[in-house]
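K.L.:
Feature list, courtesy of TrEMBL:
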type	residues	note
ACT_SITE	ASP51	active site, nucleophile
BINDING	TYR109	substrate binding site
DOMAIN	8-102	domain 'Pseudouridine synthase I TruA alpha/beta'
DOMAIN	142-244	domain 'Pseudouridine synthase I TruA alpha/beta'
Amino acid sequence: MIVAVGVEYLGTRYCGWQKQLHSPSVQSCVEQALSKVANHPVTVFCAGRTDTGVHALGQVIHFETESKRPEKAWILGGNAHLPDDISINWARPMPDNFHARFSAQSRRYHYIILNRRPRPAVLTGQVTWIRDPLDEKAMHTAAQSLVGEQDFSSFQAASCQSPTAFRNIFHINVIRRNDFVLIDVTANAFLHHMVRNIAGTLIDVGRGIHSVDWVKQLLEKKDRTKASPTASPSGLYFLQANYSRQLNLPTPDSSFGPFD
């Protein structure tokens, strides 16, 4: 039996989603918790791996089990064995051909910037702080050059192992709510560090360091060294993975903090 699970987590104190030797990971915590509920070792697969310090509101995972449990048991039992910064929000039995990664039609990320002069205290590690004034309208205009299926080599991490840099961004919006600036982006898939590299580049446009046309020029150069530094992981959230409506999977509330 295949079970899909929705997971929310604060990634601040983890090495990322994926298991690593000698470092705490979200995957390890989730597998240990679900293994206790299933009464056998469980291996989970996710819709999108997140890096060190990156958060998730709607990560989707799946695992295989012969243990028959009600949905509530996976949720309550799993959460009973998870730390406070990881939570299971839902569980569903799925068709045998379901895969959290390969069945996903798109992924959506939010990148949240706190744009004010004083540094944050309560939100430390949960937003990216930029003290310089940002022009979110210029950022939004520049971001529209990224829409469509294109070669994103200029926004690909050197360590990325993908055989191709082509990805299809369905939409990207930049909006402001008081002191918060949100980058909202959906694509079929993302390269390693792609969202953070896009965020770093748009932040430089917002600061006035580069013009709105610079992003289009970067795409044409296909050279990561020409773009801005990678933005901090603290403002990045894996918001959701989108699947066929026939699967009837829950989707997280897209509102977050000042964005509703």
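In case you wondered, yes, glycine gets a Cβ from its N, Cα and C as well.
No curator has checked TrEMBL annotations; they are predicted automatically.
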K.L.:
Sorry to bug you, but what's the C-alpha spacing from the residue listed as 'active site, nucleophile' to TYR109 (substrate binding site), rounded to the closest Å?
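P.N.:
Cα-Cα distance, TYR109 (substrate binding site) to the residue listed as 'active site, nucleophile': 13 Å.
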K.L.:
Sort the residues of the domain 'Pseudouridine synthase I TruA alpha/beta' (8-102) into helix, strand and coil with DSSP and give the three counts.
P.N.:
23 helix, 27 strand, 45 coil
K.L.:
Quick check on the recorded positions: of ASP51, TYR109, whose CB has the lowest count of neighbouring CB atoms inside 10 Å?
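P.N.:
Comparing Cβ neighbour counts within 10 Å for the recorded positions ASP51, TYR109 gives ASP51.
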K.L.:
DSSP says what for the domain 'Pseudouridine synthase I TruA alpha/beta' (142-244): how many helix, strand, coil residues?
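P.N.:
Helix/strand/coil tally for the domain 'Pseudouridine synthase I TruA alpha/beta' (142-244): 35 helix, 31 strand, 37 coil.
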K.L.:
Note the mean pLDDT of the domain 'Pseudouridine synthase I TruA alpha/beta' (142-244), expressed as a whole number.
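P.N.:
The predicted confidence over the domain 'Pseudouridine synthase I TruA alpha/beta' (142-244), as a mean pLDDT, is 96.
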